[in-house]
């Protein structure tokens, strides 16, 4: 048996005592009174802040939203199935923030900025609050640079500028997501960082969008933030703010960003669910009273930075879904009043084969021609008016039996104008090609063709112009003006291509 040496034990104990550091920690704790439906009521937590993160005993995180006299209402950022009544909760002293870095480009993440694409972790050296204040009046400047969507109907008649907020609104299945994703595809090579936020959508729809981005090479400058329909309401409510924080990170680094919220109706529904479960008083359509503020504080973060801040920009394209074309419902009217214009997609146009189904008559951009290059202004200046007159005339012509020659030719041209606005999905056009297309239609060069031949002719003309008259593209891209030389080149190309096309059709 080994003898016990008292002096060794004494020295050991003394060493331990000397190493002891007395640390007093005050933790703000509470007790779970009730839990269910993604909401927990907590007794205690006396010094908790509104919006502060709290941590439950089993690891779930929640946000303190309701601060009442005798309890705190917390929304859970997870299922919270293991939380028990009577278990303890501690306040963390932190507001929701996410890590941000360039490494997020090309990744699919959730509302907490955790990767969900199975490609490992994302390194980040700094973090941002997901709810940061919007830029003030002095730190902004007016929108003046165009953000090309690649869609003729938008770029020629409802132009969007960098730093603008343009609402995409329409019924379900009218191609709202397609307009937004085409805009992202068109940013290739334009040094614009894109953030696509999917809120409450089917996982299969999100996967389809991600696949399109990967196939077209758009993922290298895009971040996808996804909270699907299976996610808790809290995370669906947070997802747009996470996307905005990531876009802001790049904007304040003097970069241009484009963010798409698809769609804000689902975020409002998630917020309504949370608010009703927290027993906040319901207002119009059972939405809480601060649902306007929910969207305004998000969309006000989109801006064109002033020269002193480096002229970065964040352009927002929020999407809102309507029920049977009713734009006077609560959420649509709210978002219309916050944004700088709206692109209205019509189910009737979509079903009649006009895609993108943009109703040019009631769509508007409040930034207007300030967000167009001079060449586009010169060519497409009166196209919106022409198209609106044609739509009115067409409605009237349904009841008229004998129409005079002028009316007939106006209707014929209008039909061809409408035809040239049609575009296939994921096939955005460069601004030079758009100018050529609009010029050809407005100046009557398509009048001699059948309506069925218009798209084929324009396709051939684009190829012909690119191959035989490369100077046209050079002039537009360098001067941004539709010069007399450019017009002469285009007229020549149209004439030559028309002759070739007619010969080909006859042959």
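The backbone N, Cα and C atoms fix where each Cβ goes, glycine too.
As recorded in Swiss-Prot:
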- 170, 171, 172, 173, 174, 175, 176, 177: ATP binding site (BINDING)
- 363: site 'Required for activity' (SITE)
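Structure coloured by features recorded in Swiss-Prot.
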residue : record                       : DSSP class
170     : ATP binding site             : strand
175     : ATP binding site             : coil
363     : site 'Required for activity' : coil
Sequence-distant neighbours of residue 172 (ATP binding site) in its chain (C-beta under 8 A, six or more apart): 321
All-chain count of other Cβ atoms within 10 Å of residue 170 (ATP binding site): 27
Cα-Cα distance linking residue 176 (ATP binding site) and residue 363 (site 'Required for activity'), given in Å to the nearest integer: 14
